[in-house]
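Some notes on the structure that comes next.
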Amino acid sequence: MTRKNLFAFSGAVFAALFATSVMAEQSNKGAGDFFNNSPESVAPAFHDAPKQSELSALNYVNQPPMVPHSVKNYQVTKNVNQCLNCHSVEASRVTGATRISPTHFADRDGNIGSSSSPRRYFCLQCHVSQSDVEPIVPNEFKPMKGYGK
């Protein structure tokens with residue numbers, strides 16, 4: 001390519017990229033309405049869960065148990081896990097809370113450690129607070145035979 005052609009080609013690429021970013025920005029102006037009204041964002045406002053309730057029935061093998069109390073404002077970060085204030089092995093003896101499962105001490109290779117495995121540290125990835133609300137979207141899930149209500 002000659003220098004003139006290279007310069008023209010570079011200019012065309014730059015113009016195309018600029019035009020694409022402007023068009024993308026303009027097309028997203030109405031996207032807020034779409035995302036604000038999607039089923040994922042119309043969940044009922046968090047309500048006061050009972051201080052303590054009975055555990056829900058499990059619906060399949062190895063289902064993580066649901067949390068029978070509110071977890072609103074619980075801090076679970078890489079440095080702090082407020083769930084362990086009651087559910088660690090030591091604390092559960094004092095609090096009477098359900099102790100974390102022995103499976104939470106196994107690493108990805110199945111080796112058992114003396115503390116919770118990093119892959120099982122973020123409780124709220126699997127365990128959710130139970131609440132009695134209507135489904136946001138239709139749900140045809142059926143529990144396994146012998147499980148559920």
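Any Cβ shown, glycine's included, is placed from N, Cα and C.
As written in TrEMBL, here are the features:
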BINDING   H69, C83, C86, H87  heme c 1 binding site
BINDING   H104, C123, C126, H127  heme c 2 binding site
SIGNAL    1-24  signal peptide
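All features noted in TrEMBL, drawn onto the structure.
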residue: H69; record: heme c 1 binding site; Cβ neighbours (10 Å): 15
residue: C83; record: heme c 1 binding site; Cβ neighbours (10 Å): 22
residue: C86; record: heme c 1 binding site; Cβ neighbours (10 Å): 15
residue: H87; record: heme c 1 binding site; Cβ neighbours (10 Å): 21
residue: H104; record: heme c 2 binding site; Cβ neighbours (10 Å): 17
residue: C123; record: heme c 2 binding site; Cβ neighbours (10 Å): 21
residue: C126; record: heme c 2 binding site; Cβ neighbours (10 Å): 11
residue: H127; record: heme c 2 binding site; Cβ neighbours (10 Å): 16
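Comparing C-alpha positions, C83 (heme c 1 binding site) sits nearest to H127 among the binding-site residues H104, C126, H127.
Taking the mean position of the Cβ atoms of H104, C123, C126, H127 as the heme c 2 site, the remaining residues of that chain whose Cβ falls within 8 Å of it are P64, C83, I100, R120, F122, L124, Q125. Spatially, by CA atoms, the binding-site residues H104, C123, C126, H127 include one closest to C86 (heme c 1 binding site), and that is C123.
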